[in-house]
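Worksheet: one structure, shown below.
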């Protein structure tokens, strides 16, 4: 059983694919340090054009997530996600051809549309293979793709900007989009053949492994209701108040995480130059990645969610307040490390928790995850406007707001716990034979 669990989908679902999903999406933050705004004549006179190009991606991103996760139950996830990855690779590379604000705006929008299926789809696929004690750690490992992309993106960009700027008449930022798009396309071709489908239909599992995967999840589901239609699953998710609590919690969490689209710009306020700035963006995310996996493992080991989220968000609040309060170089950088650690540890806990308690049918589970990730990512539509250059170096408004969002996140976690305690009490009252309860 241990061998089979380790062999299942997370290495194939995760691996380099989500790393590239985020790397391609966040290249714009690094391109900004290589004169992207000047080359495309972006201004802030009438519209904050750079911030708008950052946020427009998430309009396309959130529009595609719920339809995508509804569709994924009616197709082979391996084929669907592989094809969508190829499409986003092409769009990412085409960003290099942008000549002005409109070009960049359109490519960013379509990058959001084509990237939309991957993360909610990957979380859903993991949730149909792994039980409540395993899922948070698996999502954390998937999410390290995001963390590692953020960590190494600066190092990759530093090499590209230094070695290829003005090569063949193209700026360094253009080469960054081209090279990352090419690599993504190659990995997408591989993913087309190796990504998993569902427990009973994944072809590279043996018949016994397929049945074991299916039976495990049937036994782990509270109030299991079998299968239902796609639209029925969406209605079930939309009518469950707990789904909306998780959605609000995830939205507040990612609003606090809005700094990631501006982290190179924030680090630049230390005044250490372009190359050093890019290098210094790496360590906070490497540390955060390790802490994320450790926190998720602990949450699964002790079958606990609320206190893990609370402690992590309190750490983030300390970091945000410290970053706004001091201009000391070492103090600000340490504060950046602290708020990055505290913020990144929570994402996998929220989504894993949602998947384990809102999945009475697989259709409801996929819809619930899609609703939560959609509303979660909607925060990136408006949070870029909290980070205008006029607020540097302190970015006091953004830092203070992020601390408030972190507070709201863990308060919503306690609300979710209260609701789940009540549901467990009802289960106990209705039957003395019930042995599977909701986790909090």
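Just so it is clear, glycine is given a Cβ too, placed from its N, Cα and C backbone atoms.
According to TrEMBL, the domain 'Major facilitator superfamily (MFS) profile' annotation covers 1-440. Across the domain 'Major facilitator superfamily (MFS) profile' (1-440), the prediction's mean pLDDT works out to 84.
For 80-97 (among others), the entry in TrEMBL reads transmembrane segment. Remote same-chain residues near the transmembrane segment (80-97) are listed as 17, 20-21, 24, 27-28, 71-72, 103-104, 107-108, 110-111, 114-115, 117-118, 121-122, 170, 173-175, 177-178, 180-182, 184-185, 187-189, 191-193, 195 (criterion: CB distance under 8 Å, separation of at least six residues from the stretch ends).
Residues or ranges marked as transmembrane segment by TrEMBL: 109-129 (among others).
Positions annotated as transmembrane segment by TrEMBL: 141-161 (among others).
Sequence annotations record features per position, and here TrEMBL assigns transmembrane segment to 173-195 (among others). Sequence-remote contacts of a segment are chain residues at least 6 beyond its ends whose Cβ falls under 8 Å from one of its Cβ atoms, and for the transmembrane segment (173-195) they are 9, 12-13, 16-17, 20, 23-24, 27, 30-31, 34-36, 39, 77-79, 81-83, 85-86, 88-96, 156-157, 160-161, 164-165, 167, 204.
According to TrEMBL, the transmembrane segment annotation covers 242-263 (among others). Residues 26, 28-29, 54, 150, 281, 313, 316, 320, 336, 339-340, 343-344, 346-347, 350-351, 353-354, 357-358, 368, 371-380, 383-384, 386-387, 398, 401-403, 405-406, 408-409, 412-413, 415-416, 419-420 of the same chain lie 6 or more positions beyond the ends of the transmembrane segment (242-263) yet place their CB under 8 Å from a CB of it.
What TrEMBL records for 275-295 (among others) is transmembrane segment. For the transmembrane segment (275-295), same-chain residues at least 6 beyond its ends with a Cβ under 8 Å from one of its own Cβ atoms are 30, 33, 137, 140-141, 143-144, 147-148, 150-155, 157-158, 161-162, 263-264, 267-268, 308, 312, 333, 336-337, 340-341, 343-345, 347-349.
As annotated by TrEMBL, transmembrane segment applies to 307-327 (among others). Here the transmembrane segment (307-327) has long-range neighbours at 253, 256, 295, 298-299, 334-343, 345-346, 349-350, 393-396, 399-400, 402-403, 406-407, 409-410, 413-414, meaning same-chain residues at least 6 beyond its ends whose C-beta is under 8 angstroms from one of its own.
Residues of the same chain lying 6 or more positions beyond the ends of the transmembrane segment (333-354) and with a Cβ under 8 Å from any Cβ of it are 123, 127, 132, 135-140, 142-143, 146-147, 243, 246, 249-250, 253-254, 256-257, 259, 263, 266-267, 270, 280, 283-285, 287-289, 291-292, 295-296, 299, 305, 308-309, 312-320, 322-323, 326, 368-369, 372-373, 402, 406, 409, 416, 439-440. Residues or ranges marked as transmembrane segment by TrEMBL: 333-354 (among others).
Annotation source TrEMBL lists transmembrane segment at 366-383 (among others).
Under the heading transmembrane segment, TrEMBL lists 395-416 (among others). Same-chain residues lying 6+ beyond the ends of the transmembrane segment (395-416) with a Cβ under 8 Å from its Cβ atoms: 242, 245-246, 248-249, 252-253, 255-256, 258-259, 262, 266, 269, 305-306, 309-310, 313-314, 316-317, 320-321, 323-324, 339, 342-343, 346, 353, 386-387, 440.
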Positions whose Cβ lies under 8 angstroms from the transmembrane segment (366-383), at least six residues beyond its ends: 54-55, 57-59, 61-62, 65-66, 68-70, 72-73, 119-120, 123-124, 127, 230, 233-234, 236-238, 240, 243-244, 246-248, 250-255, 257-258, 261, 350-351, 354-355, 358-359
Same-chain residues at least 6 beyond the ends of the transmembrane segment (109-129) whose Cβ lies under 8 Å from its Cβ atoms: 8-10, 13-14, 17-18, 21, 24-25, 56-65, 68-69, 72, 77, 80-81, 84-85, 87-88, 91-92, 95, 135, 138-139, 142, 196, 198-199, 213, 217, 351-352, 355-356, 359, 362, 365-366, 369-370, 373-374
